[in-house]
Amino acid sequence: MIRTLLRLVPAEKRGAVAGYAVLTLLSVLLRAVGAVLLIPLLAALFSDTPSDAWLWLGWLTAVTLAGWVTDTNTARLGFDLGFAVLSRTQHDMADRLPNVAMSWFTPDNTATARQAIAATGPELAGLVVNLLTPLIGAALLPAAIGVALLFVSVPLGLAALAGVAVLFGALALSGRLSRAADKVAGETNSAFTERIIEFARTQQALRAARRVEPARSQVGSALAAQHGAGLRLLTMQIPGQVLFSLAGQVALIGFAGMAVWLTVRGQLGVPEAIALIVVLVRYLEPFAAIADLAPALETTRATLNRIQAVLDAPTLPAGRRRLDRTGAAPSIEFDDVRFSYGDEVVLDGVSFTLRPGNTTAIVGPSGSGKTTILSLIAGLQQPASGRVLLDGVDVTTLDPEARRAAVSVVFQHPYLFDGTLRDNVLVGDPEADPDDVTAAMRLARVDELLDRLPDGDATVVGEGGTALSGGERQRVSIARALLKPAPVLLVDEATSALDNANEAAVVDALTADPRPRTRVIVAHRLASIRHADRVLFVEAGRVVEDGAIDELLAAGGRFAQFWAQQQAASEWAIGSTAR
């Protein structure tokens with residue numbers, strides 16, 4: 001855990017870490033010395049010259065004051081380090097996530113990222129002071145007391161150090177017993193959280209399927225798994241706690257027994273023996289503190305591991321190049337591109353060149369690789385081999401900001417943020433001129449929606465755009481994409497779930513866009529591609545036909561068959577007679 005935490009400390013604060021370590025060690029030594037000073041203090045107080053106790057009291061007072069000053073400075077430095085870790089972690093995760101390879105975002109990793117982001121709050125800022133400082137103090141103080149006791153009585157000091165070894169051995173063993181179960185419990189907790197979120201978001205479908213009872217859904221399975229993991233965790237923790245408690249009793253008996261033996265033999269006076277009772281309490285207190293900190297320690301270790309997992313997530317290749325013709329519609333070239341999802345080959349040697357400013361439609365059956373082509377152009381994925389070029393520049397060598405600025409995307413399932421309709425359009429270009437925003441909304445026919453909405457473009461659309469219909473959300477996403485001054489526009493199945501009116505609105509918006517762009521449209525419904533200059537028909541990861549719509553229809557190949565199937569499907573209606 002400490003190694004992970006040190007990796008999160010900013011470079012400019014590494015010197016402060018050394019200062020913090022020195023102050024923490026000094027604090028431990030001062031507390032150990034203060035505890036052991038009670039022995040000569042009481043010995044002097046019960047001696048023939050009790051006035052000698054003033055000297056030892058003075059030393060005890062000085063050590064106590066020095067400890068207060070040290071602890072105050074340690075706390076200040078600890079908070080400074082904690083806030084530095086918090087700030088760096090927040091910035092690093094914010095910088096990392098937009099560049100992480102999309103293949104990393106599995107359900108488990110997505111849950112890890114969500115929990116890591118949620119953890120970057122006040123608890124991370126207070127980690128050093130509230131957990132690390134007490135933990136280091138509790139771990140070192142018994143050993144420091146044992147070393148200090150060597151100067152009073154070597155056998156007593158050795159007994160104390162032996163007790164430290166026994167207690168830390170028991171603590172390590174109990175931690176090992178529970179760590180594996182704790183990992184499983186953490187995984188099942190994450191899975192249960194994801195299922196609860198899924199259960200809440202899919203209520204409409206679940207109610208329609210009469211599966212609203214959690215026990216009949218995957219929530220029930222996740223809950224059962226969480227319950228079982230929790231029981232296993234408790235089962236593994238109890239033996240560890242018993243073992244640690246027994247070790248504490250052994251250390252107590254060993255230390256107290258040594259003190260009694262030395263007193264009986266006359267090697268230790270009665271006043272010193274009485275003082276040792278107080279020292280014994282100070283000796284055992286840290287172990288109780290460690291036991292109390294153990295759950296927080298495991299939780300913090302898991303949190304830091306999640307944060308580190310996000311920061312270690314694989315990122316897309318990034319270069320420093322930029323497009324030479326900024327703002328001009330670029331050419332797009334695929335040069336023998338291959339891509340796979342695991343063992344499944346999606347694109348197998350795809351090559352083509354799209355002319356600047358043209359509109360190209362990519363058509364083909366489901367699973368043929370159409371959306372993957374768009375992802376590669378957008379830089380969301382990287383080819384396993386081959387190259388994707390914009391104006392002759394390999395996408396992988398582009399600066400990440402230049403790559404993102406070059407492409408605007410309309411997704412099949414658009415996501416709107418919990419803000420106003422206008423705010424969601426402005427995501428495309430937050431600094432856009434108001435006239436440009438109005439023009440983009442007019443092109444996407446968002447202006448037709450404003451009269452029906454309670455607050456016009458100031459209407460709050462809700463998380464995910466739940467206040468709008470699917471077609472309305474798609475229009476807003478089109479306006480957002482058109483507002484972005486990107487020279488490449490990618491459209492992925494934007495009309496697949498829309499009615500005829502909304503489909504016409506989307507197609508008209510894409511056609512009427514006056515900005516010079518190279519457009520690539522993926523579509524199943526062929527009405528969406530009627531204005532395309534060129535069609536690529538993709539099947540089984542290969543481009544099997546390439547040409548203008550009329551040429552491909554006349555050729556009578558796969559595109560013509562696909563077109564005929566679409567035409568037949570569009571004419572089907574309930575009550576149609578089979579021929």
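Even glycines carry a Cβ here, placed using N, Cα and C.
Annotation source Swiss-Prot lists topological domain 'Cytoplasmic' at 1-25 (among others), citing a curator's inference. Regional average pLDDT for the topological domain 'Cytoplasmic' (1-25) in the model is 84.
If you look up Swiss-Prot, you'll see 21-299 marked as domain 'ABC transmembrane type-1', on the strength of sequence analysis.
What Swiss-Prot lists as transmembrane segment is 26-46 (among others), and the listing cites sequence analysis.
Long-range contacts of the transmembrane segment (49-69) within its own chain (CB-CB distance under 8 A, at least 6 residues past either end) are made by residues 27, 30-31, 33-34, 37-38, 40-41. The annotation transmembrane segment is assigned in Swiss-Prot to 49-69 (among others) on the grounds of sequence analysis.
The annotation topological domain 'Cytoplasmic' is assigned in Swiss-Prot to 70-126 (among others) on the grounds of a curator's inference.
Non-local neighbours of the transmembrane segment (127-147) in the same chain are 2, 5, 20, 24-25, 27-29, 31-32, 35-36, 74-75, 78-79, 81-82, 85, 157-158, 160-161, 163-164, 167-168, 279, 282-287, 289-290, 293, 296-297, 300; each lies 6+ residues outside the stretch with a CB under 8 Å from one of its CB atoms. Here Swiss-Prot flags 127-147 (among others) as transmembrane segment.
Annotation source Swiss-Prot lists transmembrane segment at 148-168 (among others).
Per Swiss-Prot, topological domain 'Cytoplasmic' is recorded for 169-241 (among others).
Annotation source Swiss-Prot lists transmembrane segment at 242-262 (among others).
Positions annotated as topological domain 'Periplasmic' by Swiss-Prot, on the basis of a curator's inference: 263-272. Helix first, then strand, then coil: DSSP counts for the topological domain 'Periplasmic' (263-272) stand at 5 helix, 0 strand, 5 coil.
Taken from Swiss-Prot, the feature transmembrane segment applies to 273-293 (among others). Here the transmembrane segment (273-293) has long-range neighbours at 31, 35-36, 38-39, 41-43, 131, 134-135, 137-139, 141-142, 145-146, 149, 156, 160, 163, 167, 171, 241, 244, 248, 251-252, 255-256, 259-260, 262-263, meaning same-chain residues at least 6 beyond its ends whose C-beta is under 8 angstroms from one of its own.
Taken from Swiss-Prot, the feature topological domain 'Cytoplasmic' covers 294-579 (among others), and the record attributes it to a curator's inference.
Taken from Swiss-Prot, the feature domain 'ABC transporter' applies to 332-565.
Feature annotation from Swiss-Prot assigns ATP binding site to G364, P365, S366, G367, S368, G369, K370, T371. In three-state terms derived from DSSP, G369 (ATP binding site) belongs to neither a helical nor a strand segment and is classed as coil.
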Run through the topological domain 'Cytoplasmic' (1-25) and tell me, per DSSP, how many residues are helix, strand and coil.
22 helix, 0 strand, 3 coil
Residue distribution over DSSP helix, strand and coil in the topological domain 'Cytoplasmic' (70-126)
50 helix, 1 strand, 6 coil
Quick test of the contact rule: Cβ under 8 Å, at least six residues beyond the ends. What residues does that give for the topological domain 'Periplasmic' (263-272)?
39, 42-43, 45-47, 152-153, 156
For the recorded ATP site formed by G364, P365, S366, G367, S368, G369, K370, T371, which further same-chain residues have Cβ atoms within 8 Å of the site's Cβ center?
V538, E539
Other than its own, how many Cβ atoms are within 10 Å of the Cβ belonging to G369 (ATP binding site)?
24
In the structure shown, which of the binding-site residues S366, S368, T371 has the fewest Cβ neighbours within 10 Å?
S366
